[in-house]
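**Student:** First the structure, which I've put down as structure tokens, then a few questions once you've had a look.
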């Protein structure tokens, strides 16, 4: 297939995919995340029970049960997935009732039925069925007879282990503060778990660890009807339940419409055959005991006995058994019912929990967040605005800097955006705020690939190639750097996706997919377009490509000034280190745990009024700040403090009661366990990224190239962290994602520089390593600055037009990208030079240069000090039979092979030598001499055709071996046809004494 046909085929493929992508965009819905749509996100951590351990199978069974419960709530498009080894993430878009979601989804729903009076433990550590102060008499289970949790733990800890076959709980440990009479830790299933958040596993002064052994259970007292807050009163029970949740069937929400019924909501259920029998026997024993305790003349119900229904260690109901109506117990043929002051919704929730069954493991709520639909829509608008602005400014930069090439790049960016958005809808990918950030950043990734190629094309055209030949060579030579840089970016995105928390996964996924798509649009699509346009009028002039000759070439001594760069970086790093040591980082609740509530209030108030309302709930140490913005108005507040995930509803209720309502209510609550998980995942992700990238750099270059890369990356991350410490900005999970992105973009720039160094090493066989690095960096400086600037443009759009999350991400990326641009040029290259020059081969070259010049010039020069350029590499000569439409024409007069170039240089040297000899010869009077017979000129062999360059080996890249002298190049090895500056030749003698015949076969002006 000819190049022209191949290009047309690629363009047709691009057009077909573009049309298909538009069809997908128009027909498929966009799946929005909670931060854009509003809703509730809950993260649970699994804990083992006596019946089941936390395994992938138990987590999957728990997810299935939770999904059934969510379906009962009627939530559209819920997402329930396993994260990590022991966590479950539940996303409920469009849900406004946080507490209902918590109750319905995460409740373990382990139900047990107890004979109440015979199992309530009194102060003596034994059941006291006849003591009303213990059983609460006719009001069994009422909070008024309960005791504080501190006293309940001490009472329960005195009991020995019992009921090994019926006990529902494993040993549980509590940490008590005897001075303040508070429970400060627990329940936990191991002693060490109590101190997981502390530096040592020893109690503080005044604290003591208590163990509640199997066979004893502590349950919360029954909540009064319509109570909005659960009572802080507890009972201690002998853990010997008569029945459990597996003995019932067909639970339903119903109404008490029987004779004398109140019409209130109730929960009805039936029994299994086994449960029916046990229920009959248990209620018979309770009825007979009540009849035996009856005192003549007393109300018969005063002596009635009770059974207790316990759900997840909370008393749901403690009904009595009417021994007059059921002297032989209750026949469960028609089922039974639970009354307890239910609302319709709470009765439905309990019926759903019993219907779906108990979760196989215990689930602890470690993180929750709630976003109102209004704030979600505003965040979406801000993200889209930032994306549009980012695209426009990147397009303007490309058009201004690259002209016709820029037009093709902008077209490729538009195609890329359509492809990417179609993939988001087709897969589908849940679009979140971090995902939008990743999408915007991939615009710069796609543009950077075009910049790398276009700069190479301009360089080839300025070097004397024709425009079609320069385009072909630019794509061929720029491809290696693009692949290396994009592979590194993709690896960082992959590691982020595998190791980071759920909030960052969206960013990592979009960044990884965008990197792959950008390779197709920025390399294949643009190359096919340029190949097709190669002979069009639009590409006839160099000015159309921005490839006119540079008036001033960059010849800065980067290596000579390295000490100044190192000193400047040292001062900056010292300041950052002092800031980190003195002020430290301001970690957000993602790492430190706690709760942040942001809400507007309908009634005007101030910070003290909000703080006073919350302190009545026992949260006195909260921080309250007034927040004024478009979303919250002028009466918005941000509340931050140690408020548990289950207490957020209490705070919202109190604020609503005092200030009339809480519109735009959002909250994020993180437990200490989740904060530790986030921190651990971030550290592992950074370490894994550095290790994987080091291995890749070693394989693609050599191991000595990997160390400067790591130093440059550490330089960038430390500076970014130091700036965060200096300004006191909060560190969140978005900051971690930005740090890892900084790592990828810093490597992108560094790889561009190192790729040119690797290319120039075999082309400059007599130059010192510092000269090669200087030359390489001067060649890629504009390219590196252009790619960094193109990256900063969308980051600035995020910072200026994005919401709080996007701005937090953009701030870190702005600092890191600027630092990465500096380090890739002024840190990584000099570090590599100082290390490589210690090798014997490069020391030998440096010694020769010092012997020749007295010092090492910044750039490779001729003997007389004239500057010279790098010799062109050998390249393939195209055959005459090549068809039209090829990017390189067959007999382009501007192309010469390496052998022809060397012959031209030798001819010029011979002419200069002969001319100097003629000038030095003394003048004599002409005397006629007999004419000698001219000798025939020896025929000079025709120049050999250029051969395909040999594949570069590791030895070629590393230079000559340590024990051998670098090979002497041909006399023109360091020259170009445009800049040939010859040294004054020494006296030359020849074995024949005759001048070599001039080569007239190339037929080109010299």
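Residue numbers in this text run from 1 along the chain shown.
For all residues, glycine too, the Cβ spot is worked out from N, Cα and C.
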**Student:** Of 331-355, 356-380, 506-530, which span is tagged transmembrane segment by TrEMBL?
**Tutor:** 506-530
**Student:** Transmembrane segment per TrEMBL sits at which of 634-655, 656-677, 678-699?
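**Tutor:** Going through 634-655, 656-677, 678-699 one by one, TrEMBL gives transmembrane segment for 678-699.
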**Student:** Identify the transmembrane segment range according to TrEMBL, selecting from 780-803, 852-875, 876-899.
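**Tutor:** Here TrEMBL associates transmembrane segment with the stretch 780-803.
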**Student:** Over the domain 'Protein translocase subunit SecDF P1' (60-115), what is the model's mean pLDDT?
**Tutor:** 83
**Student:** Write out how many residues of the domain 'Protein translocase subunit SecDF P1' (60-115) are helix, how many strand and how many coil, based on DSSP.
**Tutor:** 22 helix, 17 strand, 17 coil
**Student:** Return the stretch with the most CB pairs under 8 A relative to the transmembrane segment (435-457), choosing among 383-402, 506-530, 561-581.
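**Tutor:** Answer, by Cβ pair count: 506-530.
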**Student:** Please indicate, using numbers and ranges, the residues of the same chain that are 6 or more beyond the transmembrane segment (506-530) and have a C-beta under 8 Å from a C-beta there.
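**Tutor:** Sequence-distant neighbours of the transmembrane segment (506-530): 6-8, 10-11, 14, 33, 405, 408-409, 411-413, 415-416, 419-420, 423-424, 429-432, 434-439, 441-442, 445-447, 449-450, 453, 471, 475, 479, 482-483, 486, 489-490, 492-494, 496-497, 500, 539, 737, 741, 809.
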**Student:** What else in the chain is close to the transmembrane segment (561-581), if you only count residues 6 or more beyond its ends and a Cβ gap under 8 Å?
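**Tutor:** Answer is 715, 718-719, 721-723, 725-726, 823, 826-827, 830, 833-834.
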